[in-house]
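Input: a single structure, listed below in structure tokens.
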Amino acid sequence: MNLLGRATGSRPRASEQRTLRSPVARRRRGGRAAGAALAAAVLAVLAVVSLGPLLWLAKASVSTTQDLLREPLALWPSGARWDNLAQAWGQGQVGRHLATTAAVAGGSLVVTLVVAVTAAYVIAVLRPRWAPLLTGGLVATLLVPGVALLVPRYLTVADIPLLGLDLRDSYWAVWLPAGADAFVVLVLARYFAGLPREIFEAARVDGAGPFRVLLQVVLPLSGPGLTVVSLLTVVAAWKDFLWPSLVLLDPSLQPVAVALPRLLEPLPLAEQMAALFLAALVPVLLFVLLQRHFFAAAGASGGTSR
Amino acid sequence: MARARATLPALLLALPAVLVFGVFAWWPLVRGLVLAGQESRAGADPRWVGLDNVTYVLADPLVATAALNTLAYTGLALVVGFPLPVVLAVVLTELRRTRSLATTLVYLPVVMPPAVAVLLWRTLLDPADSGVLNTLLARVGVEPQPWLASTTTALPAVVVAATWASAGSAVVVYVAALSSVRTELYEAAELDGAGVLARVRHVTLPHLRGVLLVMLLLQLIGTAQAFTEPFLLTRGGPQRSTTTLLMVIREYAVVRGDLGAAAALGALLALSLVAVSVAYWRLTRRWGSA
């Protein structure tokens, strides 16, 4: 059951790969037409189902509310209302909440990377005698459904053991628990374990200690692994709703996902759609620019609900 | 000797993980079990009450309703959301030049923050005649439907919206798995006169078997803990018809301030999911190791 290996392993290019239909069947004249028809049909359906709602949202964000109510299916608004976007950004406060979302995601990323890089390095490279214990502790948390942790984790955040700190209504309440993601540690450990050990040995012989090996040998070689882990973390933080809605009650701290339902309420329909459009824009643009890495991350996460 | 010198750095490097996991995963796990046996209300000192929370939760008619809803949600999501990505992946794998474009389109909804997607769906499913979906249906002569406002259509509507938002990630996993099918198998099947559907049945699906089994379990565990979609689409209504167990846990904790009951219900749901996973694993182990 090796989802990770499959997702990151090299594979033949789409155009050369033999699939259900043989290359001969594909090249035959009927086969070529059938292939083209299939492609056109699939793309058409996907365009409507997948892209359709997004395109509708884009259009709605620059329409008037009357347009949306009278003719929701019109292909074009009766004149672009760029005001909607400006209103949603400023008055609707979407801009401010996008900034808090970036703060939530950025801090989660830093904490997760510190935890995952150090732990994965211990597990996969240093391999002390007690490493299996650490790995076991991490795997144990993967086997527990998230719902079991929800309430006790909330109580822990409200009253940190020994220190007695209340982290609620501070970003730390989201940042620190985000670091307790065993999946990310294991993905990175797997990546580190795949690096050639001779390089570590050589560095060690040259007198480099464990910290220097990590900073000057392991990290520079781990670009792709770190990218996958970073995307998993940032996307999860950007999408999360339940946890931040529990621990960030101060509206000025809430990420856009949590604040949106409240932000939409006072706005006219067209501006509501503009607010949704703005909130979707950053992740969609990130995805369009970094597609390959997104797919690697999706493969690594095995389609779990992150 | 080398080992002894390497021990201190290893301990130091393990520290961030031990602290973060210790405080936010291991300790809460223990605490959750303890909490489930305590009467713990906001502001008051907790008191040991044994299984009282469990019996209280199990006797609450709201929990029964939510359990049935969650079962219906999980079942419906399996029927709608499980086969769809498999079919899409098989079809996408057949595409040549357009495959990456199609994969991009399939995955696009996954990157939308669920809150945005759900609020957009709420607009599309507006029960008024002027709602987007209802306007669309009117063009083909279908009466406007109340969608989220009716107890019969609300849950299926939520499932469809959730499937739209998540199907893409499963497709990407299947497409990756399909890229490693041994092509000789297709050739051999073809020589034996197997048509396209026979090749899907005898080569493609057996190849995916292991991945399918894992994905089925992951989907089950994920949908049993559904929250964001039903919460933002319907707030659990109409008449509690879309209230899920996780929504009840939140209601216990946030609205009623009864953390003991919330922890007990959380532990019960988690334990049932672990039990289901173990049973599933034992049942499928024999034919999963293809």
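Glycine is treated like the rest: Cβ placed from N, Cα and C.
So that you can see what the record holds, here are the features copied from TrEMBL:
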DOMAIN    A:98-291  domain 'ABC transmembrane type-1'
REGION    A:1-28  region 'Disordered'
TRANSMEM  A:36-58  transmembrane segment
TRANSMEM  A:102-126  transmembrane segment
TRANSMEM  A:133-151  transmembrane segment
TRANSMEM  A:171-192  transmembrane segment
TRANSMEM  A:213-238  transmembrane segment
TRANSMEM  A:273-290  transmembrane segment
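If one looks beyond the transmembrane segment (A:102-126) by at least 6 residues along the same chain, the residues whose Cβ comes under 8 Å of a Cβ in the stretch are 134-135, 138, 171-172, 174-176, 178-181, 184-186, 188-193, 195, 200, 210, 213-214, 218-219, 226, 229-230, 233-234, 236-238, 244, 255. A:171-192 is the stretch from A:36-58, A:171-192, A:213-238, A:273-290 with the greatest number of Cβ pairs below 8 Å to the transmembrane segment (A:133-151).
Of the two recorded stretches, the transmembrane segment (A:273-290) lies close to the transmembrane segment (A:36-58), with three or more CB pairs under 8 Å once pairs fewer than 6 apart in sequence are set aside.
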